[in-house]
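Here the structure is laid out as structure tokens; the discussion comes afterwards.
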Amino acid sequence: MNSKIGFIGAGNMTYAIVSGLVNSYPDDKQNIYVSSRTVEKAEIFCKEFDVSLAVNNRDLVKNCEIIVLAVKPVKYEEVLNEIKDIVTSKHVIVSLAAGIEIKYIEQFFDEPTKIVRTMPNTPVLVGAGMTAVTKNDHLSQEDLEAVLNLFESIGRVDVIDESLMDSIPAISGSSPAYVYIFIEALADGGVLQGLSREKAYKYAAQAVLGAAKMVLEKEKHPGELKDMVCSPAGATIEAVYSLEKSNFRGAVIRAMNACTEKVKQMGKMKD
């Protein structure tokens, strides 16, 4: 990790990303800085991961090249007003917030500023995250590579057009929560049928992990992979039939639409 990276905010996403970075770059812990509105919270966080403490947001900006805004959308105005006069051409501002457009951040700065909008998800904690990235025109290729390398160290990265960013929370940023519910439901079914809770979670989680790897590595359509499991008149197709009768697919799509609508509302809440 060649750049010093600072996180403004010590919440769940900072925890997940820093955990992944510390695992990927154990010798560069001191190049990671964290600040929080509550200094005591930042101190506890930094002690846990053995990373550097920034006593306030301005101190963090002065010490780092990559500045990660890891606060809620409603706090962006406050934070950006606090740091805008000390952000220079050397800095790259990385946004993690759903619904916050690049142009909104740009308006706080008098000079052209390097801004990257991202949407990671919590599996970065175990190096299996998925992060969508988009940027403005002020970054050099070297700047972009530094940000991509950061997120590639904790999972997969995809550079997309900003017009698609509001759809990413529904399919990636928030979707681990839906998958956890599915795993929990599978485990509940296993317990109902006699498995211990421990074994039920193990089997359910491994099945989901394995199925995801099949999609990513075998380059087959999920429908084809599903058909490979379903024997004629067998138990699996009976289960699929039951899911279809319950409108399983429709429930997932409706949940995603609800998520995206909320993201758009959150983007407006900053105004």
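Placed from the backbone N, Cα and C atoms, the Cβ positions cover glycine too.
Here TrEMBL flags Ile8, Gly9, Ala10, Gly11, Asn12, Met13, Ser36, Ala70, Val71, Lys72, Pro73 as NADP(+) binding site. Pro73 (NADP(+) binding site) falls within a helical segment according to DSSP.
The 10 Å shell around the Cβ of Asn57 (NADPH binding site) contains 23 further Cβ atoms across the protein chains shown. Summarising the annotation, TrEMBL assigns NADPH binding site to Asn57.
According to TrEMBL, the feature domain 'Pyrroline-5-carboxylate reductase catalytic N-terminal' maps to 4-99.
Taken through DSSP, the domain 'Pyrroline-5-carboxylate reductase dimerisation' (162-266) splits into 90 helix, 0 strand, 15 coil. Here TrEMBL flags 162-266 as domain 'Pyrroline-5-carboxylate reductase dimerisation'.
Look at the Cβ of each of the binding-site residues Asn12, Ser36 and count the other Cβ atoms within 10 Å; the largest number goes with Ser36.
You'll find the Cα of Ala10 (NADP(+) binding site) roughly 12 Å from the Cα of Asn57 (NADPH binding site). Across the domain 'Pyrroline-5-carboxylate reductase dimerisation' (162-266), the prediction's mean pLDDT works out to 97.
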